[in-house]
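Record features (Swiss-Prot):
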BINDING   CYS17, CYS20, CYS51, CYS200  [4Fe-4S] cluster binding site
BINDING   ILE49, GLY50, CYS51, SER52, HIS68, GLY94, ASP95, GLY125, LEU126  thiamine diphosphate binding site
BINDING   ASP93, ASN121, VAL123  Mg(2+) binding site
SITE      LYS128  site 'Plays an important role in the binding of CoA'
Amino acid sequence: MARSWLDYKTQAWVQWCPGCGDFGILNSIYRAVSELGIDPENLAVVGGIGCSGRTTYYVKGSNFHALHGRAIPVATGVKLANPHLNVIVAGGDGDLMGIGGGHFVALGRRNLNITVLLFDNAVYGLTKGQAAPTLPAWVKTKALSMPNIHDNINPVLLAFAAGYTFIARGYAYHTQQLKELIKTAVRHRGAALVDILQPCPTYNNIMTNKWYEERIYYVDQEEGYDPIIRTPEEFQKKAPAIAAKLMEFGDRIPLGILYWNQTRESFEERLEKIMPGYMSAPPATRRIELEGKPFLHPFDIFKDRLVTP
């Protein structure tokens, strides 16, 4: 049953710069989870450090504001403890592609049922506009004293190589389309990435709204491109075209669902195979004490090594 988006709005004051793409992303999240009818008690938003991390304060749920780059491992623990929760990671390109890059890759390899929303503005907005991992080489934004000399990371291509089974790209100012992408990502069974391009009006004076609008287009309007993998055999056939589309970034930037593998089993399904009953009785629902005493008492582990006076 659909809910009102107001059911997910907290009383916290939203602290972002005027015109920030984060507003569009937040509104898209509100509407996506409300149209999916997700109870706030069954929603967990995990964020890292950066402007994007504040999302955890603005959406009602069992949320967690993690350390820099550590949103994905925290979300992994949340999801494994209670696989019935809808877990969303909200992180910036610096947080998830920089210090958190290793965790980003690990999530794809596991294919755990978590949705990653990558707030991608190519700068570190919270710390005065340094170059983030997604800023192309030789671009000089107004906060930089000289052009960026690092090559940029391509988040969607990295996700494809790591094993994510749903990869999409949206634009923060196109809230209707972004809402639909988030809904599909949350419904997907497995690791999902939505790379959300957004202007940073305060620090990125190059990749502005005008810059993006001149380049972005939606792949579903392009005849002949089918990103959906329905059988294992289809992957071998479609992988080259999908990889080429994921590499496309410059004069033309594709938006929409770029890759969707519906054949690979999720990490939870694999756990169920080696731990029968995991899904029906996950760790979060199991008793941790009996008659006031814990099931596992640490003294029992070390009783043969205890030194008594």
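Even glycines carry a Cβ here, placed using N, Cα and C.
Of all the recorded positions in the record (HIS68, ASN121, VAL123, LEU126, LYS128), the one with the smallest CA separation from CYS51 ([4Fe-4S] cluster binding site) is LEU126. Using Cα positions, the member of the binding-site residues CYS17, ILE49, HIS68, CYS200 nearest to VAL123 (Mg(2+) binding site) is identified as CYS200. Between the candidate binding-site residues, CYS17, LEU126, the densest Cβ environment within 10 Å is the one around LEU126.
Of the chain residues outside the Mg(2+) site list ASP93, ASN121, VAL123, GLY92, GLY94, PHE119, ASP120, ALA122, TYR124, GLY125, ALA132, THR134, LEU135, GLN198, CYS200, ASN204 have their Cβ within 8 Å of the site's Cβ mean position. Using the Cβ center of ILE49, GLY50, CYS51, SER52, HIS68, GLY94, ASP95, GLY125, LEU126 for thiamine diphosphate, the list of other same-chain residues with Cβ within 8 Å runs, in sequence order, GLY48, GLY53, GLY91, GLY92, PHE119, TYR124, THR127. Comparing local CB density within 10 A for the recorded positions HIS68, LYS128, the maximum falls on HIS68.
CYS17 ([4Fe-4S] cluster binding site) sits 12 Å from LYS128 (site 'Plays an important role in the binding of CoA'), taking the CA atoms of both as reference points. The DSSP secondary structure for VAL123 (Mg(2+) binding site) is strand.
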